[in-house]
Amino acid sequence: MTTTATHPEPAGTARGAARGGLANMAGSALAGGAGVAVTWIVARVLGPEEAGALFAATAAFVLAGGLAKLGTHTGLVYWPARLRATGRDHLLGACLRAGLPPVVVFSVLLAAAMWVAAPWIARLTAGQTPHVIAEHTAGLRVLAVFVPLQALTDVLLTVTRGYRSMRPTVLLDRILRSALQLLAVGAAGVAAMGAAASLPVFAFAWAVPYLPVVILAGFAARTAYRKGLVRAEITRTERRRLRRDFWIFTAPRAVAAVAQLALQRVDVLLVAALGGLAPAAVYAVAGRFVVLIQFANQGLSQSVQPRLAEALSTGDRAAAKRLYQIATGWLVLVTWPICLLVIAFAPRYLRLFGEGYAAGVPVVLVLAATMLVATGCGMVDMVLAMAGRTSANLANVLIALAVTVGLDVLLIPCWGAIGAAAGLAGAMLVNNLLPLAQVYRGTRLHPFGAGTLGAAALAIGCFGFVVLVPAAVVAAVPAYAAGAWLLRGPLMLGAFRRKS
């Protein structure tokens, strides 16, 4: 049967992803840099134990916020894309009303639960340093107040991405929130010079930027909704069916999203509980560059996600494969030099945070090597979800979480932060290689196009030698830029140029 649906030209699809991805990655670079600066301030101003307590508290906060979103950060992109691709634009408003109210209610309940459980969480993670428990509890309660704002900010910005608008995410989350967070934490650090540093004050400074950002995100989501509004009669049956289908798709992703966040954050809590707050601070500082890589991955994923969803929902696997491979090539081009430079300069990088953090060098080496594999697979878990395999996605993340928790419990008591790094490395390998096999088996999609392979070879050729001879970085950087220019065809770098 022949359909009349038309698919966007590959160059146009790549250009749209490039524009959104470039802006998002630029914002992500700023957010990642601000995050490193915030970590540096906390590590320098607070002692290792207080810094470890703050890192553990923010990990709990991020986990609570991720749980509160109920997986809607995928559903509110997938379903608008699907509705547009199938000519049901009039249901977009009903889709938003299906996803937003449960997040608001559940986030308030989770905030209350975190407030009540704060003393227990503090005793669990600071049991070896009882003098920190009171301040740790206060810091957790400060953060609990902001859980609904965090969840609502992320969901409202997801709504704008569902309408294929990346600008609000870049401007409000990546740039504004990160800048305000850096300024607020910096002000707390300056204030601490004349008085004893207070963990709750740093917690407040870290979280308070969510207040202005959630208000602006609400305006952005409202504008996107009104701009794409299609007025048509919606029957009760249509609304009920959409709500059911939305949550059938989203519910498994909700659990997967929490498990995915747990993969990134639970290790800090486990190091604090099993090894102590000081090792938790070392681990958090040593792994900070991983967050920078994850920001880059997230930035590209969020730009590619709606276009990939539309391609897969209309059965255009050729466009989906091309988009996946192009985006992975860009990701490797950006992230592999960072990983290799971090390996080469790990001791110098850690000494920036203080002499006490030099013990984290093995952690950096393990995680940086693993990130080379993870980024080489591209945004594979998102591809699996956009192909409708959310249940498989959930199973993969739960397996990876079991791996990291199991290895952490076994290794942290003996090896401390290095044991946690081994646990996270094992989980990242599982969480990338398993869905990679499933995506290829189910859709014949894979990330290893000419651009991906070329970018990988270029990064290893230019920066692999820097690992052995750090001074070679002076020649590696211009050589890499020249190589990227020569590979601009396979990498589709022309998509970043303005259309004439």
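Every residue, even glycine, has its Cβ placed from backbone N, Cα and C.
Record features, source TrEMBL:
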- 21-42: transmembrane segment (TRANSMEM)
- 54-79: transmembrane segment (TRANSMEM)
- 100-122: transmembrane segment (TRANSMEM)
- 142-163: transmembrane segment (TRANSMEM)
- 175-197: transmembrane segment (TRANSMEM)
- 203-225: transmembrane segment (TRANSMEM)
- 246-263: transmembrane segment (TRANSMEM)
- 323-345: transmembrane segment (TRANSMEM)
- 357-380: transmembrane segment (TRANSMEM)
- 392-412: transmembrane segment (TRANSMEM)
- 418-436: transmembrane segment (TRANSMEM)
- 479-496: transmembrane segment (TRANSMEM)
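Within the same chain, residues 62-63, 66-67, 69-75, 78-79, 95, 98-99, 381, 385, 388, 390-391, 393-394, 396-398, 400-401, 404, 424, 427-428, 431 sit at least 6 positions outside the transmembrane segment (246-263) and bring their C-beta atoms closer than 8 Å to a C-beta of that stretch. Under 8 Å from some Cβ of the transmembrane segment (54-79) lie the Cβ atoms of residues 42, 46, 95-96, 99-100, 102-103, 106-107, 110-111, 113-114, 121, 125-126, 136, 139-140, 143-144, 146-148, 150-151, 154-155, 158-159, 161-162, 199, 202-203, 206-207, 242, 245-247, 249-258, 260-262, 264-266, 268-269, 272, 277, 280-281, 284, 305-306, 309, 382, 385-386, 390, all in the same chain and six or more residues away from its ends.
Outside the transmembrane segment (203-225) by six or more residues, the chain places 38, 54, 57-58, 61, 92-93, 96, 138-140, 142-143, 145-146, 149-150, 152-153, 156-157, 159-160, 163, 165, 168, 172-173, 176-177, 180-181, 184-185, 187-188 with a CB less than 8 A from a CB of the stretch. If one looks beyond the transmembrane segment (175-197) by at least 6 residues along the same chain, the residues whose Cβ comes under 8 Å of a Cβ in the stretch are 27, 30-31, 34-35, 37-38, 41-42, 44-46, 50, 153, 204-206, 208-210, 212-213, 216.
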